[in-house]
Amino acid sequence: MAIKASSIGMSLMPERFFLSGRLLRTSSLSTSSSQLFPRKCAVVARNLSGLEEFMQNNRLREKRPAKSKKKRLSLRQGQVSPPLIVPENIPRPPYVGMELPEISGEIQVHNSEGISRMRDSCRLAAQVLEHAGTLVKPGVTTDEIDKAVHEMIINAGAYPSPLGYGGFPKSVCTSVNECMCHGIPDSRPLKDGDIINIDVTVYLNGYHGDTSKTFFCGDVEESAQQLVRVTEECMMKAISICKAGAGYKTIGQTISEHAEMNGFHVVEIFVGHGVGKVFHSEPIIFHQRNKRPGRMVEGQTFTIEPILTTGSTRHVMWDDGWTALTADGSLAAQFEHTILITKSGADILTKC
């Protein structure tokens, strides 16, 4: 689950004219010729205009895809159902019931027991995310996905971390199409051609595991598929350069280079974060080019979760205070892993 940087203080015309006959005129002809020529010009112009129309129609038919796509409609708010119930015997994170979210200025470095618990919580998060992805089909509502995620988490004896975090009303984030992140599950059915990011975080045995992935719903256009592929590549390339002693700023450099090479844009306002006993902590991970100081430490855990768009990286917020959309309605995609820093590299904890 991303954290908002500002919340932590960062915050071919001539030919066409000729064929239409508009350039077929002269002032140097004799009177008798000039009386005849306009008629001939008119006939030629009409014939050429008809030929042009015929050729244009043929070209349009050739370019038309076998199956025409409907124009994607802008995302609209659906009805949000009440928060789901968590059994009393399941331990809650400390922020539940508090108005303010939990943010720590400390880097979370774990001992062997802490690493073991992080592995357990992250493995569960990955399993829940994988199951949630199988539910993505046209006609399924994001509220139905939330219910399935909630049930799987509590059945494992864990708490769905987003529920009650700063007032968030659901157990998972579902961000569709132009939604950058933090979409609230509601009654809107998924449509053929949608893309959807599902962001799962679980609190198990006192530790949070955090992961997300963007899924395809039905028949998705190639341009959207490319955005999703490149976003995942950006995350994986960034993870590959992480190890003890590496600078945090190399993450943003790596992501920006690959995104720009493929014609996409990196959202700056939402960032990765430290995760462990505390949901959100230092280090703050910027996904764009930056000069942030600091180096990775063996035993620490944090998320890398870039958001890429096909257009604007500016955002607008719905009145729910959570749902962030691209300002121009362009598509957005996000991927996220929780990683453990080791001497030689980074261990991806959020995988099955």
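The backbone N, Cα and C atoms fix where each Cβ goes, glycine too.
Annotated in TrEMBL:
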- 59-78: region 'Disordered' (REGION)
- 117-343: domain 'Peptidase M24' (DOMAIN)
- His182, His280: substrate binding site (BINDING)
- Asp199, Asp210, Glu336: divalent metal cation 1 binding site (BINDING)
- Asp210, His273, Glu305, Glu336: divalent metal cation 2 binding site (BINDING)
His280 (substrate binding site) sits from Asp210 (divalent metal cation 1 binding site) (Cα to Cα, rounded, in Å) at a distance of 10
For Asp199 (divalent metal cation 1 binding site) and His273 (divalent metal cation 2 binding site), the CA-to-CA distance in whole Å is 14
Surrounding the recorded divalent metal cation 2 site, with Cβ no more than 8 Å from the Cβ centroid of Asp210, His273, Glu305, Glu336 and those residues left out, we find Met1, Ala2, Asp199, Thr211, Ser212, Gly272, Val275, Phe302, Thr303, Ile304, His337, Thr338
Residues lining the divalent metal cation 1 site besides Asp199, Asp210, Glu336 (CB within 8 A of their CB center) are Met1, Ala2, Ala125, Cys173, Val200, Thr201, Thr211, Ser212, Thr303, Glu305, Thr338, Thr350
Nearest to Glu305 (divalent metal cation 2 binding site) by C-alpha distance, among the binding-site residues His182, His280, Glu336, is Glu336
Filtered by Cβ under 8 Å and at least 6 apart in sequence, the residues in the chain of His280 (substrate binding site) near it are Met1, Ile3, Pro101, Glu102, Ile103, Ser104, His273, Gly274
Rounded to a whole number of Å, the separation of the Cα atoms of Glu336 (divalent metal cation 1 binding site) and His182 (substrate binding site) comes to 13
Around the Cβ of His182 (substrate binding site), other Cβ atoms found within 10 Å total 24
